[in-house]
């Protein structure tokens, strides 16, 4: 009889405790004292002596407990995080080599600096910006063995500005993104100026170049003083943490550049529409590739802007889902596998967001690498016009000499540094926007 009474009391106690737990979902998160050293998986126990200091270096405590969120965050599953990081490795590596090839091609290492135009300088800055941003975000060839440790130095700790690797990669990433964005906008304006045949002085172009780089430096190093660089929940690299800094130092400039790009595209299309069919055909043949690239990158920038705006507006919703999952973990601490996290950020949308910048490396290769102009730059370079080539590959050398002789006898001169290629008197010697030999389209 006594044993039955004890069983009944134990059963009643269990039911009573469960009732308390379910009647106050935030009970554990907001004040429950857990047994020392205990946190239900995948949460991590942090034995802290200075809670605020631990928060400052990247630990994300759950309520008043000593449990911290795992790193990477619970927004995605570990498998989904691996997919995004592996994508950054594969797509980033391909784009990296593509961009290195293009930068070498259009740099003084291969391309004669006398042939430089506004457009040449613009695309070099664009290529360099994309390369810098892409090689400092996500997973790279040289840190495969680090896994998540690059951005999660300790279990449950998100890297912060105090971690030197995080600070360096964040600065380069921000610098690369802003550089690529501002010069993309500049190229879109330059394309319209070229079609309108507006003359831009070399001095004005140099002033603009200096101003753009000063703005880039300010937007990059401004947040350092407020210790704003770090690894956050939905990112795959260190970047700006607080919303107001993200908006002020990046997304506001993005919005401005998108407006500039959109206006430029409308003006370009208007100019092409207003000319005769014969001139229109020539303009399209000459400018179609850069125009397509500008529009394609505009689409990607707009997608990234919309995705960021949407996820930011749903931030509280995502927080509530994570909180419900954490409460479930505490309630079912003995069997946490029964807890399933609800839908937060769309894995596919998040995947494509980070893929966009890596696609840009492949896109510029398609529009600027696989062209006649790229081949001409290499064939005219020192690398194909030296004693070794003349000795062992005389056919290539004689072909280059013949083309050079024809250009000289034709009386052509190279366009000035401040001019874009289509404004110069020499379409073959300067960098074509479209990579198409302009002389073949002259009436």
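Note that Cβ sites are derived from N, Cα and C of the backbone, with glycine treated the same way.
What Swiss-Prot lists as signal peptide is 1-23.
When pLDDT values are averaged over the topological domain 'Extracellular' (24-83), the model yields 80. Per Swiss-Prot, the feature topological domain 'Extracellular' maps to 24-83 (among others).
The N-linked glycosylation site annotation in Swiss-Prot covers 47. Look at residue 47 (N-linked glycosylation site): DSSP puts it in coil. Other C-beta atoms found within 10 angstroms of the C-beta of residue 47 (N-linked glycosylation site) number 8, with every protein chain shown included.
Residues or ranges marked as transmembrane segment in Swiss-Prot: 84-104 (among others).
Swiss-Prot lists 105-120 (among others) with the feature topological domain 'Cytoplasmic'. In the topological domain 'Cytoplasmic' (105-120), the DSSP tally of helix, strand and coil residues is 8 helix, 0 strand, 8 coil.
Counting same-chain residues at least six beyond the ends of the transmembrane segment (121-141), those with a Cβ under 8 angstroms from any Cβ of the stretch are 84-89, 92-93, 95-96, 99-100, 102-103, 106-107, 150, 168-170, 172-173, 175-181, 183-184, 186-187, 190, 205, 209, 212, 236-237, 239, 354, 357-358, 360-361, 364, 368, 431. Annotated transmembrane segment per Swiss-Prot: 121-141 (among others), in sequence order.
Here Swiss-Prot flags 142-166 (among others) as topological domain 'Extracellular'. With a cut-off of 8 Å between Cβ atoms, the residues of this chain six or more beyond the topological domain 'Extracellular' (142-166) that come close are 44, 46, 56-60, 68-73, 81, 85, 89, 224, 227-232, 235-238.
Under the heading transmembrane segment, Swiss-Prot lists 167-187 (among others), citing sequence analysis as support.
In terms of DSSP helix, strand and coil, the topological domain 'Cytoplasmic' (188-203) has 11 helix, 0 strand, 5 coil. Per Swiss-Prot, the feature topological domain 'Cytoplasmic' maps to 188-203 (among others).
Within its own chain, the transmembrane segment (204-224) has Cβ neighbours under 8 Å at 118, 121, 125, 161, 167, 171, 174-175, 178-179, 182-183, 186, 240, 245, 249-250, 253, 417-418, counting only residues six or more beyond its boundaries. Feature annotation from Swiss-Prot assigns transmembrane segment to 204-224 (among others).
Here Swiss-Prot flags 225-248 (among others) as topological domain 'Extracellular', drawing on sequence analysis. Residues 58, 71-73, 75, 84-85, 88, 136-139, 151-152, 158-162, 166-167, 169-171, 173-174, 311-312, 345, 350, 354 of the same chain lie 6 or more positions beyond the ends of the topological domain 'Extracellular' (225-248) yet place their CB under 8 Å from a CB of it.
Residues or ranges marked as transmembrane segment in Swiss-Prot (evidence: sequence analysis): 249-269 (among others). Packing against the transmembrane segment (249-269) from elsewhere in the chain are residues 174, 177-178, 181-182, 184-185, 188-189, 191-192, 195, 215, 219, 222-223, 240, 287, 291, 294-295, 298, 301-302, 304-305, 308: each is 6 or more residues past its ends and has a CB under 8 Å from a CB in it.
Counted with DSSP, the topological domain 'Cytoplasmic' (270-289) comes out as 18 helix, 0 strand, 2 coil. Taken from Swiss-Prot, the feature topological domain 'Cytoplasmic' covers 270-289 (among others).
What Swiss-Prot lists as transmembrane segment is 290-310 (among others), and the listing cites sequence analysis.
Summarising the annotation, Swiss-Prot assigns topological domain 'Extracellular' to 311-350 (among others).
Sequence-distant neighbours of the transmembrane segment (351-371) (same chain, 6+ residues past either end, Cβ-Cβ under 8 Å): 83-84, 87-88, 91-92, 94-96, 98-99, 101-102, 105-106, 123, 126-127, 130-131, 133-134, 137-138, 177, 180, 236, 289-290, 292-293, 296-297, 300, 303-304, 307-308, 432, 434-436. What Swiss-Prot records for 351-371 (among others) is transmembrane segment.
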